[in-house]
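Notes follow once the structure below has been shown.
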Amino acid sequence: MAPGFWSFLGSVYDMDTLDTRFTTPSTVAYRGKAAAAADKKDDQRSTAAQAQPSKWGTLEFYLYYLVVIVAIPAMLWYPYTVSRPSDPRYHKYEHLLDDGWIPGRKIDISDSQYHTTRVNLKYMAALILVHPLLRKLYNRICGTQETPQRPGVQPSPESAEVRMRDRVRFDFGFALVFLVILHGFSAAKVLLILTLNYKIATQLPKRMVPPATWVFNIVILLSNELCNGYKYRNIALLLSNTLGGDVASGSPALVQLGEWMDSHGGLISRWEILFNLTILRLISYNLDYYWSLDRRSSSPVEKKQLDPASLSERDRIYNPAPAGDYNFVSYVAYTIYAPLYLAGPIMTFNDYISQQRYRSATIETPRTVRYAIRFVVVVLTLEVLLHFNYVSAISKSNPDWRSYTPPQLSLLSLFNLFVVWLKLLLPWRFFRLWSLVDGIDPPENMVRCISNNYSTLSFWRGWHRSYYRWLLRYIYIPLGGSSFSTVRDAVRSIVTYLVVFTFVALWHDIKLNMVIWSWLIVAFFLPEIAAGLLFPKRNWTLQPTTYRMLCCVGGVANMFMMIAANLVGFAVGPDGLKSIIEGIFKDASGLTFLALSSAATFVGIQVMFEIRESEKKRGINLKC
C-alpha cells in the first residue's frame, strides 16, 4: 500500500485524534494544529527526558514477541471452540442467537444494551446530520448568522455573546422537543425534577445549597429506581386514595387517564434508567453556581488578563461563567443538551457555557473525520467479535460452569469484559462525535483499550474518564483528596475512597453486586498504594530493570484483581467468580493454566510499559 495510507492510518490512531486533552496540558490553551505543534516541541523535550531507552529491538522483547504470537491466537481460540455448533452445549443458547452478516455464522446480540444501540444506530446517525442542519436553519430564520471562529482572528465580545445566546436558545428549544420525543408524557417528570433542583440552587440560602443539592439528588437517584419512574397510573391511584376513593381500584376515569399517559412514554418510556447522567449535570450546575457566588466581585478572566476566546481547559472548568448565564434557559439547555443527554460524556456547566460563547480551537474537521473513522472501526470490531464469540448468550442460558475447562471458563469471562467495554465505548464515542459535529468538545471517556491497563489507580483514571473527572471536582477534592503520610491521613483517605466508590456503585445501580464491586476496587487500591510507598521509584534509579520487573509482578496481581472486581460488578457476579476460582484450583490443569496465563500477562505488561515509554518520547504522559 502507498505510504500515504499508512501515514493516514497512523494519524487516525494518534492520541491527538482521540482527544487533544491527552497531548495538551490542561493549563495550556490549544491554539490550532500548527501552533500546537510548535508548543509541543518544548513539552516533548521535558517529557522525553523522563523516558527510558527503547527496548523494542532488544533480545528481551524478541522473546516477548514469540509469547505474544502464541498467546493472542490461543486467547481467541478457546472462546471460539465453545461458540461452534459442534459444541455439545450449543443447543442451550442457540435460540438466543440471530442470523449474522458473516457467511456461516450467527451473531450474539442477546445483550439488551448493545441490541438497543444496534437497532437504533441508523436513527442515531441521522441525528448527527439533522441536528446541526436544524441549528443552521434556526440561525437563518432568526436572522443572526453565526460567525465562524477562524485561526488568528479574535472574535469580538459582541459576536461571542450573540453566538452563545443563539446556541443556548436553540439547545433549550431542541431539548424540550427531544424530551417529548424520547419520553412522551414522562418529559413532564424530568422537567419537574429539573425545576426543583434549580430552585434549590437559586432560592435557598447560600450555605444550604451544597447539602440540599446532594440530599435532593441522591433521594431522586434512589426513588427513581424504587418507584419505577413514578407511573401515572400509580399517581392516579394515590390521588384517588387521598380523595377518599378505593385505593385498589381508584377513580376509573383518573386511573384510565394515567394508564393512557403511561402508554405514551415516547421512544424510551423508562426514562429513569438514563436519568443518572442527568443527575450529575444537576449537581454540576448547582455547585458551579454556588462556587460562582464567591467570585462575583471580579472576573477571574479579567483579573488574570486571559484571552476569553482561547482559554485552557482548566480555565474553562474552574472560572465561573458570567452571573447572567446562570439562568433557567441555559440550565435546561445544558442538562438536556441533546448530543450528551443519553450517554454523555459529562462536562461541567462552566465548560459548556464557555464553549457556547467561543468555539473551541480543538474542533477541526480533519480531526473529527478521523475520530468518526475510529468509531466505525469500533462498531466493526464488536460485530466481528460477536459473530465468533457467543459469551453473552452462553451467560444467559444458565450454564453449568463446571462443564467448562479452566482456560475456556477464564477466557469466556475475559471476553465478557471485552464485550462490556466495547458496548459502552460505542455510545460514548458516538455521542461525543455528535457533539463534536455540533461544535462542542467534551472529554473522551475511554483513554486506553481495556487490555492495556495494569494499574488499578490508572485504570480508574482512564475508564469513563469524564465521570472520573466529575468525581474529582465534586466529591473527591471537596472531601480533601488523599494522603498516606500519617495514619490519620491514611484512615481519612480510605474513608474518602469508600464514600466516592459507594456513590459510584449506587449511581450505577442499586444492587448488592455493584456495592461489592465498589468496595473491592477500594480494597485493590490499597496494595498498589502500599507498594508505591514501600518501593519508591527514586530508590531504584541505579537498578531500573529490577524495578521494572518488580512493577510488572505487581501489575500481574493488579490485573487479576481488576478482572475479578469487574466480573463481579458487570458480568458473572460473586457466584460466577467463585465458580471460576474453584475451576482453576480444582486440579493440576487449572494450576498449569494459571501459571501460563500469569506468564503471558507478565509479557503483556512489559509491552504496556514500553508503550508508555514510547509515548513519553513523543511528549505524551497520560498517567494511566
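Cβ coordinates are placed from backbone N, Cα and C, and glycine is handled just like the others.
TrEMBL labels come from automatic prediction, so no person has curated them.
Quick look at what TrEMBL lists:
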TRANSMEM  62-80  transmembrane segment
TRANSMEM  172-196  transmembrane segment
TRANSMEM  328-350  transmembrane segment
TRANSMEM  371-388  transmembrane segment
TRANSMEM  408-426  transmembrane segment
TRANSMEM  490-508  transmembrane segment
TRANSMEM  514-535  transmembrane segment
TRANSMEM  547-568  transmembrane segment
TRANSMEM  588-609  transmembrane segment
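Same-chain residues lying 6+ beyond the ends of the transmembrane segment (371-388) with a Cβ under 8 Å from its Cβ atoms: 12-13, 17-18, 76, 79-80, 83, 100-102, 105-109, 114, 121, 415, 418-419, 422-423, 425-426, 429-430, 432-433, 436.
The recorded stretches the transmembrane segment (588-609) and the transmembrane segment (514-535) do not share 3+ CB pairs below 8 A when only pairs 6 or more apart in sequence are counted, and are therefore not in contact. Annotation: stretch 408-426 has the most Cβ pairs under 8 Å to the transmembrane segment (62-80), among 172-196, 328-350, 408-426, 490-508, 514-535.
Under the criterion of 3 or more C-beta pairs below 8 Å, with sequence separation of 6 or more, the transmembrane segment (408-426) and the transmembrane segment (547-568) qualify as touching. Sequence-distant contacts of the transmembrane segment (514-535) (same chain, at least 6 residues past either end, Cβ-Cβ under 8 Å): 455-457, 460, 484, 494, 497-498, 501-502, 504-506, 508, 547, 550, 554, 557-558, 561-562, 564-566, 568-570, 574.
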